[in-house]
Amino acid sequence: MPKESLIDFSEIPNGPLDSSCITISPLITPFMFAFNNVTGSGNNVVPTRKEKKWKRAKMSRKAKVNELRFYRLKAKKKMNSPNPEVRIRYKLEKAKRKEEWLIEKLRKYDVPKSPAEPYDPESLTEEEQHYLKRTGEKRKNFVLVGRRGVFGGVVLNLHLHWKKHETVKVICKPCNKPGQVHEYAEELARLSKGIVIDVKPNNTIVLYRGKNYVRPEVMSPVDTLSKDKALEKYRYEQSLEHTSEFIEKLEKELEEYQKYVTRHKKKKDEEAEKKKEADSKSKVV
């Protein structure tokens with residue numbers, strides 16, 4: 001059998017074959033198959049083995065370790081630099097990177113607020129407000145708002161207290177920021193549909209359930225964080241607060257060092273000029 005009649009299987013493309021892919025040449029005896037590079041119908045072109053591009057090989061474990069070692073040595077060199085400006089700048093860059101990372105993390109805990117439902121708060125007279133304030137102060141039932149802030153569990157506790165009591169005290173323990181108690185009061189009134197009777201200077205809020213109070217089916221709102229998520233958010237917020245304070249401190253240090261360098265340079269220049277003047281006078285004499 002002649003060589004021309006043999007079928008070259010290396011040129012056969014992968015995948016299902018169609019009748020349009022095969023052509024028969026009658027010129028060569030006995031016959032010869034020719035396979036096209038197109039498979040199926042449409043624009044689905046299957047590349048041959050030569051046209052396939054090789055993917056970039058992954059880094060070996062040793063290469064990764066060497067790269068990490070290089071960055072560690074580079075950081076160590078900057079930390080142990082004799083120049084204070086290099087050390088301060090390295091710390092500042094590292095702190096700013098951490099600040100960006102924390103801001104990105106906190107974005108995940110931003111819960112979109114649900115559209116406000118039509119709510120008409122009841123109007124209370126001065127006598128009613130005074131009575132509710134006194135009864136709220138005397139009663140021992142209270143809800144604690146701790147480091148997690150306002151989350152679903154706090155609103156649930158409010159509704160459980162309102163089952164037997166008209167008023168409830170909300171004690172905010174770590175309210176160190178100015179105006180934080182009033183923010184908590186507004187948030188609790190929005191989520192629980194209650195009425196804020198009084199906000200005391202000892203970080204205590206008195207909430208009234210309302211005359212026509214009806215317990216909702218879902219007592220912890222959907223647009224609030226869970227207990228674990230609220231704690232994670234608090235930790236990230238604390239870390240961000242300390243990092244921003246550290247950045248301010250480093251920026252002040254860098255500014256003071258630059259001022260010191262300029263003063264020292266100016267002093268040196270003045271001393272050099274005085275020395276030159278003294279030398280010129282001695283030569284004239």
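If you go along the chain as it appears here, the first residue is 1 and each next one adds 1.
Glycine residues also receive a Cβ, built from the backbone N, Cα and C atoms like all the rest.
Annotated by TrEMBL as region 'Disordered', the relevant range among 118-141, 262-285 is 262-285. Here the domain 'CRM' (122-220) has, by DSSP, the following mix of helix, strand and coil residues: 36 helix, 21 strand, 42 coil.
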